[in-house]
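Trainee: As listed in TrEMBL for this protein:
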- 105-232: domain 'EamA' (DOMAIN)
- 246-377: domain 'EamA' (DOMAIN)
- 102-123: transmembrane segment (TRANSMEM)
- 129-150: transmembrane segment (TRANSMEM)
- 162-182: transmembrane segment (TRANSMEM)
- 188-209: transmembrane segment (TRANSMEM)
- 216-234: transmembrane segment (TRANSMEM)
- 240-259: transmembrane segment (TRANSMEM)
- 280-298: transmembrane segment (TRANSMEM)
- 304-323: transmembrane segment (TRANSMEM)
- 330-352: transmembrane segment (TRANSMEM)
- 358-379: transmembrane segment (TRANSMEM)
């Protein structure tokens, strides 16, 4: 909220230098005479109300007038700390997308697309378990610093079970499976497999939660299956030893992301920053017991160390703040379009940095998968695709 409204108007003195306490007209309160006559006070002088105006004896709270003047950090904080609310049948209007928001959207897609590049660099050297532990631990430390700066401690006493479940489904298991797949598969293929997460989410909703799909969502599911078949059947990288298990692991990671989506919808309303912060610590604790059995001491090279920092701080920390800045600027639905851009950057980074070949099967299969994902998500309106089955 704006700096002058830390506890709503009328409760503290103005921070804008006027030295006067904010006033807010409440129901039943006396209205100043100037306002009863249709006048308004500007700079200490009375001015006539605008011609044709029918608004008499109304007062706009100061926090509403200063809404547009809030700085970027305050907007990030407001979006990251506000719990999700859904009003059935009343979709909130989305703000227009401007050039700055478009640049942030592309930057977010580029960062998340680079996560598969970092995994491809670090996984062969560190192994899947150690990489997943470092990724979750570094992200947890970064988000802890952000939470400390925003003065938002975790409420572990009330929500520790929720953090454990969310950390297992949305972080620990996907991190382990994707890190395992990154030992064999290219960054390009990993990013395309990750794009199937909304498709798995739709399938989980249809089979497990007994939700029916729209025709577009059903077509998207079919396209997703065809796209994965094109990738697996015609990509030369899938013919090497261990490729089948790696593809299964990547699809399993996307599947757990789909389950986590449905769990998050049914979970108690908790601010997004606390969800990310608590789930990362939970993932760190859940993976730690497996380190003695599967991880081996290793001295990472400089590229590997930079990849770990990149995937932990940038891809799991900075990207999180950037994502909620986008939600504050353009709304949740337009921000969802980043899902379709991640495979583009995943293929691009793999080709430019690692020299991965881009064959026709990668391009065609990736396009089919992204098209299926777009149909399943309804181009940013996933809530409109679901219809609860009628009882009986």
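Each Cβ is built from the backbone N, Cα and C atoms, and glycine gets one as well.
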Trainee: Using a Cβ-Cβ cut-off of under 8 Å, list the residues of the same chain that are 6+ residues beyond the ends of the transmembrane segment (240-259) and lie near it.
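Mentor: Non-local partners: 169-170, 173-175, 177-178, 180-181, 183-185, 189-190, 193-204, 228, 232.
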Trainee: Between the transmembrane segment (216-234) and the transmembrane segment (358-379), are there three or more CB pairs that fall under 8 A, provided the residues in each pair are separated by 6 or more in sequence?
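Mentor: Contact criterion met.
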Trainee: Any chance the transmembrane segment (188-209) and the transmembrane segment (304-323) are in contact, meaning at least three CB pairs closer than 8 A with a sequence separation of 6+?
Mentor: no
Trainee: May I ask for the residues of the chain that lie six or more residues beyond the transmembrane segment (129-150) and have a Cβ under 8 Å from a Cβ within it?
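Mentor: Same-chain residues near the transmembrane segment (129-150) but 6 or more away: 77, 80-81, 119, 122-123, 171-172, 175-176, 179, 182, 273-274, 276-277, 280-281, 283-284, 287-288, 290-291, 294-296, 298, 308-309, 311-313, 316-318, 320-321.
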Trainee: Under a Cβ pair cut-off of under 8 Å, which of the recorded stretches 216-234, 280-298, 304-323 contacts the transmembrane segment (162-182) most often?
Mentor: 280-298
Trainee: List, by number or range, the same-chain residues at least 6 past the transmembrane segment (280-298) whose CB is under 8 A from its CB atoms?
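Mentor: Beyond its ends, the transmembrane segment (280-298) has Cβ neighbours at 125-130, 132-133, 136-137, 139-140, 143-144, 154, 163-164, 166-168, 171-172, 175-176, 316.
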